[in-house]
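Peer 1: My questions all concern the structure below.
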Amino acid sequence: MTTIVSVRRNGHVVIGGDGQVTLGNTVMKGNAKKVRRLYNNKVIAGFAGGTADAFTLFELFERKLEMHQGHLTKAAVELAKDWRTDRMLRKLEALLAVADETASLIITGNGDVVQPEDDLIAIGSGGPYAQSAARALLENTELGARDIVEKSLSIAGDICIYTNRFQTIEELTY
């Protein structure tokens with residue numbers, strides 16, 4: 001799996017991910033980029049799960065963003081509906097973390113679109129470790145969103161065997 005973390009603080013939203021790709025119990029690649037910009041660089045997104053599945057979902061999500069003129073929540077709900085009801089899409093195994101200047105969302109194949117209360121997202125095998133670290137840093141420091149994401153990913157990379165310390169980080173300022 002992987003670790004994807006998103007933090008929103010002081011006019012910045014950041015999504016970061018590690019770079020490890022595994023096949024069974026073998027590391028196949030250590031520098032995969034699981035976070036990217038979409039819709040004219042106005043949306044950032046990260047994935048946990050199957051790489052090919054995630055690329056398919058990124059393409060579909062970008063189409064939904066274009067259909068809904070960049071409205072993140074509408075595009076996310078439409079993607080989740082298609083993902084849940086389409087026979088072929090239902091087989092895709094991934095989770096998406098997406099964010100723009102207004103919202104941070106988790107999109108699942110079960111048709112769920114979740115906006116966390118504190119705008120903190122952590123998904124993938126290292127998600128619980130990264131979430132714990134990020135929450136502690138949010139509550140007890142004045143660190144910026146990017147620093148919190150970097151430190152949370154590093155901690156998850158030290159603990160989770162399916163997460164490494166290579167990081168891809170994207171940030172939006174609003």
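Here the Cβ of each residue, glycine as well, is placed from N, Cα and C on the backbone.
Summarising the annotation, Swiss-Prot assigns active site to Thr2 and lists sequence analysis as the type of evidence. The feature Na(+) binding site is assigned by Swiss-Prot to Gly157, Cys160, Thr163, with sequence analysis given as support.
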Peer 1: Provide, as an integer number of angstrom, the distance between the C-alpha atoms of Gly157 (Na(+) binding site) and Thr2 (active site).
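Peer 2: One finds 9 Å between the Cα atoms of these residues.
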Peer 1: Sorted by position, what residues of the same chain at least six away from Thr163 (Na(+) binding site) have a C-beta under 8 A from it?
Peer 2: Met1, Thr2, Thr3, Asp18, Gln20, Gly124, Ser125, Gly126, Tyr129, Leu153, Ala156, Gly157
Peer 1: Neighbourhood of the Na(+) site (Gly157, Cys160, Thr163): other residues with Cβ within 8 Å of the Cβ centroid, in order?
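Peer 2: Neighbours found: Thr3, Asp18, Gln20, Ser125, Gly126, Tyr129, Ala130, Leu153, Ala156, Asp158, Ile159, Ile161, Tyr162, Asn164, Arg165.
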Peer 1: Return the residues near Cys160 (Na(+) binding site), defined as same-chain residues 6+ apart in sequence whose C-beta is under 8 angstroms from its C-beta, sorted by sequence, else 'none'.
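Peer 2: Counting only residues 6 or more apart in sequence, the Cβ neighbours of Cys160 (Na(+) binding site) under 8 Å are Thr3, Ser125, Gly126, Tyr129.
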